[in-house]
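Trainee: Could you have a look at this structure, given as structure tokens, before my questions?
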Amino acid sequence: MISTAAAHTEQPSTRLYYLDNLKTALTCLVVAHHASQGYTTIDTGWAVQQTNLPEINDRIIGWFLSVNNAFFMALFFMISAYFIPRSLAFKPAPAFLWNRVRKLGLPIVVFTLFIFPVTGFLLYGRGMTFADFLVRRYLPVPGGDINLGHTWFLFVLLFFTGLYILFTKLRRQPKNSGLEPHRQPKNAPCLNNLQILLFALSLTLVTFAVRIFFQPGYWIPLHALEPARILTYLALFGFGILAYEKQWFERLPVSVGVLWGIVSVVVILLAPPIILFLLGGYAIWAKGFTFNSLIVSAWETFLCVGLCVSLPILFRQKFNRTNKLLKLAAKNSFGVYLLHPLIIIPIEAAIINLPLHPMLKFLFTTVIGIALCYLLCCAYSAIKSRLLKITAK
């Protein structure tokens with residue numbers, strides 16, 4: 001999600017519009033995901049929470065959240081990783097890493113130390129001075145409200161990027177006479193369904209092993225990472241690196257995408273009977289050396305792998321095109337990711353007492369939130385570009 005927006009202008013390449021469009025779709029899904037948290041009792045902790053919710057909300061939104069949690073951030077890591085080898089080939093490793101620290105680290109600092117304290121004070125600081133709020137409620141560790149929020153993704157992506165750079169220094173790279181980083185020839189054997197199946201099975205066992213000790217939904221202090229899913233994110237990050245080096249996204253046949261797309265749809269449809277009936281209730285947070293945890297680990301992993309394989313192929317075949325609107329959306333997706341909580345929370349607060357069904361409020365918040373986020377980010381980009389042109393004269 002991040003790396004595509006930071007492609008170097010000097011790199012002569014054909015733009016992969018389908019990955020830009022997939023990134024945009026995922027960004028909109030993130031906005032919808034967070035908007036939905038205000039209208040369910042399942043995933044609590046959201047700043048604005050609707051009360052007196054009908055049970056249907058928990059059923060529908062719980063399903064929606066479970067599906068999203070299984071794959072969408074892993075897919076973001078995979079797409080981001082795909083562009084790293086090429087970007088790294090055009091800069092020395094220290095310069096590339098410093099560029100990543102500035103682009104990813106600065107938003108983490110700004111949100112954690114400035115934006116989140118201010119918004120937290122406006123929401124929860126009634127009867128307190130801002131200084132009191134900081135000292136008594138926000139800054140204490142442990143026990144305070146201080147956390148990375150949604151910028152955890154940037155933190156983990158930066159960490160994974162550092163690991164990859166270290167890995168490239170330790171392994172011997174094949175010699176390559178051109179500027180392009182080494183890539184497997186297009187006529188080399190490609191990833192096949194059996195290899196994908198073995199990857200999914202292995203990742204299921206790893207996920208199950210981790211969840212013996214860490215429950216899904218548990219975050220380490222500062223909301224920096226979720227142990228129950230961190231190895232899935234790392235695996236898909238590595239998958240993205242290999243996808244670039246071996247040209248999987250360009251070469252995987254449509255039949256592979258169709259098969260794993262069908263697997264994904266079947267797994268999604270199996271969620272209600274598995275979680276509600278087979279496991280006897282909402283067991284999506286299952287942990288320990290238990291049957292429930294194994295089933296949930298398998299369900300999440302096969303959904304994750306299925307969509308991470310099938311969606312790039314689907315977008316390559318059906319959405320590998322662009323226009324002015326799609327270019328603007330792709331260019332501003334990173335900004336929308338950063339901005340969206342500051343937009344949807346006020347919308348939810350403004351409509352919380354309206355006599356509308358909570359599902360309608362969720363849809364309204366999602367649509368208006370996405371539109372406002374992109375409009376504001378596009379306006380900011382236009383003003384910034386205009387000012388740069390003026391100062392350059």
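Just so it is clear, glycine is given a Cβ too, placed from its N, Cα and C backbone atoms.
If you look up TrEMBL, you'll see 17-377 marked as domain 'Acyltransferase 3'. What TrEMBL records for 60-84, 104-126, 146-167, 196-214, 226-244, 256-285, 291-315, 336-356, 362-383 is transmembrane segment.
Let's see these features in context: how buried, what's close, how far.
Mentor: Cβ atoms under 8 Å from those of the transmembrane segment (146-167) belong to residues 1-2, 30, 34, 73, 76-77, 80-81, 84, 88, 93, 96-97, 100-101, 104-105, 107-108, 111-112, 116-117, 138-140, 219, 222-225, 230, 233-234, 237, 241, 337-338, 340-341 of the same chain, restricted to positions at least 6 beyond its ends.
Below 8 angstroms of C-beta separation, residues 227-232, 235, 239, 256, 260, 286-289, 293-294, 296-298, 300-302, 304-306, 309 of the same chain, each at least six residues beyond the ends of the transmembrane segment (196-214), sit close to that stretch.
Listed by sequence, the residues of this chain that lie at least six past the ends of the transmembrane segment (226-244) yet keep a Cβ under 8 A from its Cβ atoms are 69, 73-75, 77-86, 156, 160, 164, 183, 199, 203, 206-207, 210-211, 213-220, 287, 300-301, 304, 308, 312.
Same-chain residues lying 6 or more positions outside the transmembrane segment (336-356) and placing a CB less than 8 Å from one of its CB atoms are 1, 27, 30-31, 34-35, 38, 47-48, 50, 107, 111, 115, 119, 149-151, 153, 364-366, 368-370, 372-374, 376-377.
Panel annotation: around the transmembrane segment (362-383), residues 28, 31-32, 35-36, 38-39, 61, 328-329, 331-332, 335-336, 339-340, 343-344, 347-348, 351, 356 of the same chain, lying at least six beyond its termini, place a Cβ under 8 Å from a Cβ of the stretch.
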Trainee: Mind checking which residues reach the transmembrane segment (104-126)? Cβ under 8 Å, same chain, six or more beyond either end.
Mentor: 2, 47, 132-134, 137-138, 145-149, 151, 154-155, 157-158, 222, 338, 342, 345
